[in-house]
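Peer 1: The transmembrane segment annotation in TrEMBL covers 16-35, 47-67, 79-99, 111-128, 135-154, 166-185, 197-213, 225-244, 256-280, 292-313. Taken from TrEMBL, the feature domain 'EamA' applies to 16-150, 167-303.
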Amino acid sequence: MNLSHNAPQANNHAQLGLLFISVAIVFWGMLPIALKLSGAFIDPVTLTWFRFLVALVVSILIQWSAGSLKQFAALDAKVWLRLVLAGVFLMLNYVSFVYSLDYLAPGAAQLNFQTSPFFLAFGGVLFFKERLNAVQLSCFATLALGMLMFFHPYLDLSGANNHQVWIGVMIIQFSALSWTSYALLQKSLLNRLSPANLLLVIYGLGIFVMAPFSDFSQFASMDSFEWQIALFCAANTLIAYGCFGQSMKYWPTAQVSAMLALTPVFSFSATALVVSLGWWPEVFHADELDGLSLLGIGVIIVSVMVVQLLPMYRNRQAKRLQIV
């Protein structure tokens, strides 16, 4: 009786998990395209301020209606300090990622950001005493190999364009490290504060910190299309993170993380579609990827997926042995 009842429920959860994570991948995959377009009419700091403002207003309404704001009453000074640091790192992540798009195409930027799961795994070892096995460690080497394969046309630093590309790569790695620092701090706070409330504080902090560095006069000169781009970037923050959080309810964390490795594939596909349709030809150009670069994309994605899925596979094997 229980088995027949639980099987459809598990299948329904799997379908919901797939739906939510697919929406998150689609929105995160499209985001670099919108961010690159936004560079023509608004600077990264002001855009990030606007994204945080919209996210803060919506988050407060949701958390207030759910009665979740009372969590803040029990926080001490150390927790608030970690919250501030998490906010600073997430702001650095947002702003630096937008700056990197001055040097890299959307797909290349997303692909470079795939180092973040590896940084996160190392952070888990350093701060949470987690362990990495030999296969996972070997994936770090294959990730580096995949990056070299993908960027092999730019290894000659004497070319002016090649130099610009590597500046973009360094900015993206800074963005990935900033996001990793935020994620590690978030993990350390999960027993004190829900992810939604944590983001609420970070949005509020971001608005306060970035206001002096934002140029609000840019909003007055924006036309309707530019407002649509800015609002899409703001909505993307809420939709992608909201669907990501929902997917975690129905799928194991490792499985969700592995699916996120497909984000750069969608970014490349979305950019190719934009180029083929002839939209914004002055901004987007066809990616000239040879066979080695395409193979490098595959190596990177497989490396990330193995790192995320291997622990889940080992846990299942261990549970089966316990049952036997």
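Note: Cβ is positioned from N, Cα and C throughout, glycine not excepted.
Bear in mind that TrEMBL entries carry predicted annotations, made automatically and left uncurated.
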Peer 1: Applying the under-8 angstroms CB criterion, which one of 16-35, 47-67, 79-99, 166-185 scores highest with the transmembrane segment (256-280)?
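Peer 2: It is 16-35 that shares the most Cβ pairs under 8 Å with the transmembrane segment (256-280).
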Peer 1: Take the transmembrane segment (111-128) and find every residue of the same chain, 6 or more past its ends, with a Cβ under 8 Å from one of its Cβ atoms.
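Peer 2: Long-range Cβ neighbours of the transmembrane segment (111-128): 97, 100, 104, 136, 139-140, 143, 147, 150, 168-169, 172-173, 175-177, 179-181, 183-184, 187-188, 257, 260-261, 264, 267-268, 297, 300-301, 304, 307-308.
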Peer 1: Output the single range from 16-35, 79-99, 166-185, 225-244 maximising the number of Cβ pairs under 8 Å to the transmembrane segment (197-213).
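Peer 2: Answer, by Cβ pair count: 79-99.
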Peer 1: Need a quick answer: max count of Cβ pairs under 8 Å to the transmembrane segment (79-99), which of 16-35, 47-67, 135-154, 166-185, 225-244 is it?
Peer 2: 166-185
Peer 1: Residue counts in helix (H, G, I), strand (E, B) and coil for the domain 'EamA' (16-150), per DSSP?
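Peer 2: Helix, strand and coil residues of the domain 'EamA' (16-150) number 115 helix, 0 strand, 20 coil.
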